[in-house]
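Over in Swiss-Prot, the protein carries these features:
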type     : residues                                                         : note
ACT_SITE : E105                                                             : active site, proton acceptor
BINDING  : T28, G29, S30, T31, D83, G84, A85, D86, K96, G97, G98, G99, K123 : substrate binding site
Amino acid sequence: MTLDALKRQAAARALEYVEDGMRLGLGTGSTAKHFVELLGERVRDGLKVVGVPTSEATRADAERCGIPLTTLDDLDRLDLTVDGADEIDPDLNLIKGGGGALLREKIVAAASERMIVIADETKWVAGLGRFPLPIEVIPFGLAATRRAIAEAFTKAGASGQMVVRKGPDGLAFVTDGGHWIFDAHLGQIPDASHLAGLLNPIPGVVEHGLFIGLARVAMLAGAQGIRVVERR
């Protein structure tokens, strides 16, 4: 079975948690796109839901699939967010942001009663850090922000190269919010929660891709089927 087919399996399993009348956060990325497409099929069959997209790309996909959309300005809470992840550890802490939507993804996840992460089994890791950690930053004062981030890595016992993410045109990738992204190649993060706490207050850091304590359930698709992991 292909990796794409496994992603679709995980998305289909998450769809079982969706009930009529729910307010849903719609994630970004290849696996989340499968969920949006499958949700669209259910909507066309009569399911009544409303979604909040986490990126302009997801907004376009949801509109194409006929899913009614709204914003967090019109809703105080969401019932459920379904999103993918770049890495998932045994505590269901995540690295996200490979698709560049980490800021909106975290806002939507934090506004949800429950977050389900869907992925193929290759995203399950013993510890976070092999996937480059995205850090969304304001372009102004970039060198000063980079130095402060590097100091935070040292305090957290992590080290590695930071590079500005580039788009297909070779220029700096620009997020939906107009920011840039550092991708930090750390290899291993000894304590993800500690590092998150060090990054949060840095001036110039808008958000980072460490999602600590937000996911409640992970659905991992593999050759043997779907493995459901709930946060301890």
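Using N, Cα and C of the backbone, Cβ positions are placed for all residues, glycine too.
Fair warning: this is a prediction, and the values are worked out from it, not measured in the lab.
Structural mapping of features recorded in Swiss-Prot.
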residue	record	CB count, 10 Å
T28	substrate binding site	29
S30	substrate binding site	15
D83	substrate binding site	31
A85	substrate binding site	28
K96	substrate binding site	30
G98	substrate binding site	21
E105	active site, proton acceptor	32
K123	substrate binding site	22
Cα-Cα distance linking E105 (active site, proton acceptor) and T28 (substrate binding site), given in Å to the nearest integer: 8
Integer Å distance between the CA atoms belonging to the residue listed as 'active site, proton acceptor' and G98 (substrate binding site): 11
Extent of the substrate binding site in Å [max Cα distance among T28, G29, S30, T31, D83, G84, A85, D86, K96, G97, G98, G99, K123]: 16
Rounded inter-Cα distance in Å - A85 (substrate binding site), the residue listed as 'active site, proton acceptor': 11
Residues flanking the substrate site, with Cβ no more than 8 Å from the Cβ centroid of T28, G29, S30, T31, D83, G84, A85, D86, K96, G97, G98, G99, K123 and excluding those residues themselves: G27, A32, E105, A119
Spatial separation of the residue listed as 'active site, proton acceptor' from S30 (substrate binding site) - C-alpha basis, Å: 14
D83 (substrate binding site) to the residue listed as 'active site, proton acceptor' - Cα separation in whole Å: 8
Pairwise Cα distance for K123 (substrate binding site)/E105 (active site, proton acceptor) [Å, integer]: 18
In three-state DSSP terms, the structure that S30 (substrate binding site) belongs to: helix
Cα-Cα distance linking E105 (active site, proton acceptor) and K96 (substrate binding site), given in Å to the nearest integer: 9
